[in-house]
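J.: Sharing a structure here in structure tokens format.
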Amino acid sequence: MSQDLSHVPESIRMVLIGPPGAGKGTQAPNLTERFCACHLATGDMLRSQVAKQTPLGIEAKKIMDDGKLVSDEIMINMIKDELTNNQDCKKGFILDGFPRTIPQAEKLDEMLAQQGRPLEKAVELKIDDELLVSRITGRLVHPASGRSYHKVFNPPKTEMKDDITGEDLVQRSDDNVEALKKRLTSYHKQTEPIVDFYKKTGIWAGVDASQPPKTVWSDILKCLGKN
């Protein structure tokens with residue numbers, strides 16, 4: 001499928017918004033490759049800290065096990081550190097999983113303004129909750145890279161093995177229905193105001209995430225075009 005991409009910018013500074021299972025883990029690597037940008041998945045950053053049992057990781061695990069969110073200061077500093085020290089972030093970044101609240105969005109804007117790198121776009125992946133439940137309960141993740149698969153919708157070439165490294169895939173422990181419903185309730189309550197925030201600042205764009213991944217990708221590129 002050829003398409004005119006002349007309207008798509010060469011670099012991007014954006015936020016990817018969407019509930020768990022909306023396809024952020026599928027689309028973010030496409031964006032990273034297309035724009036030579038870094039993918040800052042705050043969930044992956046935190047899980048990495050938890051796995052390494054750093055002081056931050058131990059503190060974060062306690063908070064996450066209670067179904068709560070890690071403090072804004074910790075998250076902002078973690079992102080700032082990546083933007084400053086990660087060479088992959090020089091050409092742009094895709095923030096995934098942050099911000100989740102209006103105060104976070106305001107603090108993020110403030111920090112990015114100080115760096116002279118304000119957000120250009122906030123793309124929301126929109127999808128129905130019931131479809132999400134069926135999608136996410138079959139989700140498989142490659143811990144080292146964050147690549148995600150699905151038992152039904154996007155299976156790996158070899159069962160329970162990562163396509164690229166051949167390493168084992170895991171099913172996240174919080175990917176069961178009850179935990180998911182709790183996460184969705186939290187998502188809607190806390191994250192939907194973010195959409196209104198970015199609509200007001202004029203950088204929001206919405207994409208129907210129930211479509212096939214290739215169609216979603218095409219729609220994301222259209223959103224990123226300089227209007």
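Using N, Cα and C of the backbone, Cβ positions are placed for all residues, glycine too.
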J.: Can you say which of 11-40, 41-70 is given as region 'NMP' in Swiss-Prot?
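T.: Comparing 11-40, 41-70 with Swiss-Prot, region 'NMP' matches 41-70.
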J.: List the Cα distance (Å, whole number) between Gly23 (ATP binding site) and Lys68 (AMP binding site).
T.: 23
J.: What three-state secondary structure does DSSP assign to Gly25 (ATP binding site)?
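T.: In the DSSP reduction, Gly25 (ATP binding site) maps to helix.
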J.: Counting distance between Cα atoms, which of the binding-site residues Thr42, Val70, Arg100, Arg172 is nearest Gly21 (ATP binding site)?
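T.: Checking each of Thr42, Val70, Arg100, Arg172 against Gly21 (ATP binding site), the shortest Cα distance is to Arg172.
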J.: Tell me, if you would, which residue among Lys68, Arg100, Arg172 (binding-site residues) has the fewest other CB atoms within 10 Å in the structure shown?
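T.: With the binding-site residues Lys68, Arg100, Arg172, fewest surrounding Cβ atoms within 10 Å: Lys68.
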